[in-house]
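Asks: Quick paste of what Swiss-Prot says about this protein:
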ACT_SITE  E194  active site, proton donor
ACT_SITE  E312  active site, nucleophile
CARBOHYD  N53  N-linked glycosylation site
CARBOHYD  N91  N-linked glycosylation site
CARBOHYD  N99  N-linked glycosylation site
CARBOHYD  N143  N-linked glycosylation site
CARBOHYD  N203  N-linked glycosylation site
CARBOHYD  N222  N-linked glycosylation site
CARBOHYD  N280  N-linked glycosylation site
CARBOHYD  N427  N-linked glycosylation site
CARBOHYD  N440  N-linked glycosylation site
CARBOHYD  N465  N-linked glycosylation site
CARBOHYD  N491  N-linked glycosylation site
CARBOHYD  N520  N-linked glycosylation site
SIGNAL    1-19  signal peptide
Amino acid sequence: MKRILGLIAYASVPTVINAVQISVDETAPSNPVFDAYVSYSIEFSSFPDYAGNNSRPNTFSENLLDNLGKITGTKPYIRVGGNTQDYALYNASLPYSLNGTIDPKRSSDYPTTIFIGPSFFESYNSFKNTRFIHGFNLGLGGNRTSGWQTLLDTVPLACKALGGGKLFAWTYGNEPDLFSTSAQGPVRPPSWNEAEYVDQWLNGTRKIHELLERNCPDLAKNGTYGYIAPSFAGVGNKLKAPKAWGEGLNEDKNIKLFATHNYISGATSPGVTLQGTLMNHSMTKASVDAHIVEYNQVKAIDAAAPPLIFGETNSLYNQGRPGLSNTFGAALWGVDFNLYSASVGFKRVHMHMGTNYRYASWQPIATNKATIGTKAPYYGNIAVASFLAPPPSSPYDSPATSLATVKHLPISSTPFLSAYAAYHSSNLTRLILINLQSYNTTASGEGLAPLPPSSLTPRPSVTFNFTLPAAYLLTDGGKEKQVVVKRLMANGSDAITGITWDGWSYNWELDGGRPVRLPNVTRTSESERAWVGEGTSDGGKAGLGVVVEAGSAALVEFV
């Protein structure tokens, strides 16, 4: 086939050092993602920081959520949970939202002794037009009087705070597969097993339903009431999700979504690197595929098992690692991870974050450990949302056209490139190309001290050559079909600042997280347009080539 177009120019076209050929099938997958595919999980103890309260709502967080909502038509769903939901006890006389004590021997990142007061639930008023998942305490609630009393006291408060369409679902317990082995302190004996977990889960969720019927009857109805579960930490721990399902976890048929958690590796795990661990498509694929194997085992037990989501996930467990989880390379990992997950059947992904967490998409407040600001991973979230968003001609209120299906376009020659196609109403609407080859511009690759100009080498690039469906040939009237390219860019994969999406910045210091077009970044309308050309020798297919620099991504949109 004759490739008509070599590519789309970027500000300065680098020397092409490699090229890959990819064929794009016109047949769309049949498994669309849910609305608000890019969603969040906020650490329970950090929720007041992220959301604020009635007197002081966190408008920075609200702006960042609004950005995503304006792109996709639905704001991200917020799951409030994590390890600290299973430490939280209720104190009705507490004059503020949360009192937490950090024990460095257990965790230096979040409190492990926690009391919440009535005003904790004010935080659910801060984000407008947002749906929530609230986490109740099973860790202490299932085996301690104080924990059980907390459940009795907080269900009425939570349900009243989440009325009026705010509630999506509940959770009861976070990562119960680790209850007997947790590094932060076990809350169950070594004999803890799936049958005991299911017994305690059913006991607690039935009490929750009883309390809802008494206090918030509208939230006890079948159309509203439900859970995401089992929220296990992974597939390799002591408790196994298929066995828990077989023990009757969904006996009451109230689990809306099958939720699992995932981290590619650990913050202090030996051998973890940006290139080898995060910017590595093979690692991402293997990590996600293990969950598909597990989910298929659940489906074999129960063919009607609910849809699959990541209820909590991010790059490296234990809140991430500086120089890895907070870099632009982690943003590129997030794009690859989210879209590969979508391509194999995950319906929604909740990216986890907390105050001072290294992998967080943003830091909600200033602390003695971190400054308030938009972090690199958020830009990856924006890119994923832009890829999945309804095409411009499709109204947000039309489910048939607004929900995307995603196809993984395998590249077998290297683990450092990946590509995906998005379809709406069976029509190819976008491609995204991710160059995961690292390109560092700071000393030690930690994103802090820039290398001197004399130490910088030319930034490599790869040309993605596409064979497209015949529908992307010239039209009958001879009008060329135009594409627009939007780029996710930074100075290098180790950068922690200076990141842009299509020339836009979402930084706190510019306009509180609202999008600001940077004048020194080339605009799409000026230099990132191209046309799909006519093929000649392979059945009339069209060709397209796109150059993508190392440590960057490009979205191709058919217009």
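Placement of Cβ uses the backbone N, Cα and C atoms for every residue, glycine included.
Since we're looking at a predicted model, the values are computed, not measured.
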Asks: What same-chain residues, at least 6 away in sequence, bring their CB to under 8 Å of the CB of E194 (active site, proton donor)?
Replies: L239, K240, K243, A244, G246, E247
Asks: For N203 (N-linked glycosylation site), which of the three DSSP-derived states applies: helix, strand, or coil?
Replies: helix
Asks: Do you know which of the glycosylation sites N203, N427, N491 has the most other C-beta atoms within 10 angstroms of its C-beta?
Replies: N491
Asks: Any idea what the Cα distance is from N520 (N-linked glycosylation site) over to N91 (N-linked glycosylation site), rounded to a whole Å?
Replies: 52
Asks: Can you tell me the CA-to-CA distance separating N440 (N-linked glycosylation site) and the residue listed as 'active site, nucleophile', as a whole number of Å?
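Replies: N440 (N-linked glycosylation site) to the residue listed as 'active site, nucleophile', Cα-Cα distance: 29 Å.
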Asks: Including all protein chains displayed, how many Cβ atoms other than that of the residue listed as 'active site, nucleophile' lie within 10 Å of its Cβ?
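Replies: Excluding its own Cβ, the number within 10 Å is 29.
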Asks: If you count other CB atoms within 10 A of each CB, which of N91, N143, N222, N440 wins among these glycosylation sites?
Replies: N440
Asks: Which one is it: of the glycosylation sites N99, N427, N465, N491, whose Cα lies the shortest distance from the Cα of the residue listed as 'active site, nucleophile'?
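Replies: Spatially nearest to the residue listed as 'active site, nucleophile' by Cα position is N99.
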Asks: Name the secondary structure element type, per DSSP in three states, that contains N520 (N-linked glycosylation site).
Replies: coil
Asks: Between N53, N99, N280, N520, which of the glycosylation sites has the fewest other CB atoms within 10 angstroms in the structure shown?
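Replies: N520, out of the glycosylation sites N53, N99, N280, N520, has the fewest neighbouring Cβ atoms within 10 Å.
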Asks: Tell me the Cα distance separating N99 (N-linked glycosylation site) from N280 (N-linked glycosylation site), rounded to the nearest angstrom.
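Replies: Rounded to a whole number, the Cα-Cα distance is 40 Å.
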Asks: Between N91 (N-linked glycosylation site) and N465 (N-linked glycosylation site), what C-alpha distance do you get in Å?
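Replies: Rounded to a whole number, the Cα-Cα distance is 61 Å.
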Asks: Over all shown protein chains, what is the count of other CB atoms within 10 A of the CB belonging to N465 (N-linked glycosylation site)?
Replies: 19
Asks: Determine, to the nearest whole angstrom, how far the Cα atom of N465 (N-linked glycosylation site) is from the Cα atom of N491 (N-linked glycosylation site).
Replies: 24
